[in-house]
Amino acid sequence: MTRLITTIAEMRDIRASLTGRVGLVPTMGSLHDGHLTLMRRAREQSDVLIVSDFVNPLQFGPNEDYDRYPRDLDGDLAKVDGLADYLFAPSAEEMYPAEEPFQVDVGRIGTVFEGAMRPGHFNGVATVVLKLFTIIRPDIAVFGQKDAQQLAVIRRLVRDFNVPVDIIPAPISREGSGLARSSRNAYLDEDGRWHALALSGLLKDLSGRRMPAPELLHALEQARATSSTDVQWDYAEAVDPATFEPIDSSFTGDAVVIVAARVQGVRLLDNAEITVGT
Ligand code: AMP
């Protein structure tokens with residue numbers, strides 16, 4: 001049976017009593033099979049698994065979907081049963097009792113791509129993850145490659161604040177159609193889910209390939225030019241996976257192609273690794 005914990009004090013007490021390697025999978029709940037993949041990965045490398053389930057207000061902009069973000073604590077508890085030992089689901093007041101909490105400033109990486117579309121988003125992500133790390137003190141924490149820029153931010157956070165936790169990436173979990181699993185897919189109707197395949201469709205052609213930079217940049221330019229009312233691209237770019245700086249036509253090495261688009265008003269993200277070179 002997974003035990004539900006809602007206060008920081010209780011979480012700390014339990015953590016203090018744990019022995020062996022402690023794994024953490026941070027989530028915003030509304031759990032799907034992608035989250036379960038992360039938990040299985042964490043289980044392989046830990047003795048005790050804690051999943052956090054917290055819709056973090058700091059990472060939502062004023063006009064974003066914080067209030068309507070899907071929440072289903074009972075469903076989440078049922079899904080993690082047998083996989084997680086503890087589900088840590090504090091309230092927003094428990095996590096942020098102060099009106100204007102201090103926040104981590106992640107700098108430049110927080111201002112490009114997702115950071116440019118969602119100002120302050122990555123400061124909010126880094127803040128809540130740092131809090132989870134200090135409350136839970138995990139030995140390992142698993143994050144999905146689905147949110148590639150978030151993963152890069154967390155790696156920097158751990159490095160720059162000397163947090164003693166191993167960050168483990170988990171591959172993107174997809175539906176049979178190729179659509180990357182996301183809690184936000186719940187907002188799409190059947191038509192929207194079909195149009196959403198534009199993201200994974202573009203990446204499928206590039207994923208795992210080796211391609212010269214000019215050819216890759218040209219393919220992405222063409223893809224962006226197809227923006228329509230059904231699929232509005234926010235970006236489709238190739239970047240350095242650690243810095244999220246765009247590659248130029250002389251780049252060689254490992255890159256990640258990141259795409260974001262709006263379909264039926266829902267922001268969808270996807271990405272794929274690619275080797276750039278002749
Ligand atoms: P979220 O609940 O959306 O904040 O996601 C919590 C964690 O699950 C993050 O590390 C995400 O990158 C990861 N995640 C979400 N969707 C997927 C997916 N389709 N494949 C792999 N990881 C995912």
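Just so you know, glycine gets a Cβ as well, placed from its N, Cα and C.
Now, the feature entries from TrEMBL:
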| type | residues | note |
| --- | --- | --- |
| ACT_SITE | H35 | active site, proton donor |
| BINDING | 28-35, 144-147, 181-184 | ATP binding site |
| BINDING | Q59, Q150 | (R)-pantoate binding site |
| BINDING | Q59 | beta-alanine binding site |
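Features per TrEMBL, on structure.
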| residue | record | contacts (Cβ under 8 Å, 6+ apart) |
| --- | --- | --- |
| M28 | ATP binding site | D53, F54, V55, N56, Y69, S183 |
| S30 | ATP binding site | Y69, P70, R71, D72, G75, D76, S183, A186 |
| H32 | ATP binding site | S173, R181, S182, S183, N185 |
| G34 | ATP binding site | G144, K146, I172, S173, A180, R181, S182 |
| H35 | active site, proton donor | V25, T27, V51, K79 |
| Q59 | (R)-pantoate binding site | R118, G120, H121, F122, G124, V125, V128 |
* What kind of secondary structure is M28 (ATP binding site) part of, going by DSSP in three states? -> coil
* **Those binding-site residues in S30, G34, K146 whose CB falls under 6 A of ligand 1, listed in sequence order** => G34, K146
* Asked: Highest CB neighbour count within 10 A among the binding-site residues K146, R181?
  -> K146
* To do: Give the helix, strand or coil assignment DSSP yields for G144 (ATP binding site).
  => strand
* Structure fact -> Q150 ((R)-pantoate binding site) has its Cβ surrounded, within 10 angstroms, by a count of other Cβ atoms equal to 21
* Structure fact -> Neighbouring CB atoms within 10 angstroms of the CB of S183 (ATP binding site), all protein chains considered, total 19
